[in-house]
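Undergrad: Quick one: the structure is below, questions incoming.
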Amino acid sequence: MTAKRIDGKAFAAGVRARVAEEVARLKEGHGIVPGLAVVLVGEDPASQVYVGAKGKQTVEVGMTSFEHRLPAGTSEAELLALIDRLNHDPAVHGILVQLPLPAHLNADLVINALDPAKDVDGFHISNVGRLGTGQKSMVPCTPLGCLMMLRDHLGTLSGLNAVVVGRSNIVGKPMAQLLLGESCTVTVAHSRTRDLAAVCRGADILVAAVGRPEMITGDFVKPGATVIDVGINRIERDGKTKLVGDVDYASAAEVAGAITPVPGGVGPMTIACLLANTLTACCRANGLPEPQGLTA
């Protein structure tokens, strides 16, 4: 068996196209333009690349992009004052604070200063709690992207056994909550899980989000399972730097029914879902129906 390759790049392009259609409809029918504000503190090179990509794609789908690039020495009071202004700006429907923040800033305090309705990363404690109790919330972008691809590939997820390897607040925990919401039977595995391979082999859906290069091999995969690889790891191989996931693609693809590659799998979905969340936030703020299929 050779697994079907789930093309996240193509799927993300489809999501962005759908968002662009809905944005055009909002403009034409209601005179509303969704706005996304991205806040970057400091000059971390990777963060600068991410912020640039987010701004570019925001404009491409017809939204307004607001970029706030602050010096590394920005005080907590200055950052919180900016967030307060964005919270009260009617042109801004989504706010994203690029992480990590410089060490002198309290990330939890900053994230929880956001208006939960504009927290398009889904990290505010209110959104975390609402997701956990099955209420309408802003859903973290990467798990949302995984869910969209799973729904597209499998249709209904109800009754399937799902194993999420990783328990981070950004991916593992919200992914488990989303799968519970789809009526999966969910196991969250982690570094202390005994006989991890055996646990994973019980999964119809296996989500790897543990941050360890190629840890999940074909021996961990149930024949025919759907494998979602969230990992992004840079390793040295044959004198070159290579990007790999948490799954050993070659061996897992021999067993799985479908699998996401790295790169080109989950990664492109993250920004696409950020745009979808901004659209959703805009619709909610204006009392308009949310587009179907773009949120949990």
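Numbering starts at 1 and runs along the chain as it is shown here.
Just so you know, glycine gets a Cβ as well, placed from its N, Cα and C.
What Swiss-Prot records for GLY166, ARG167, SER168, SER191, ILE232 is NADP(+) binding site.
Please situate the listed features within the shown structure.
TA: Classification of SER191 (NADP(+) binding site) by DSSP places it in coil, neither helical nor stranded.
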Undergrad: Which entry in the list of binding-site residues, GLY166, SER168, SER191, has its Cβ near the fewest other Cβ atoms, using 10 Å as the limit?
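TA: Counting other Cβ atoms within 10 Å of each of the binding-site residues GLY166, SER168, SER191 gives the minimum at SER191.
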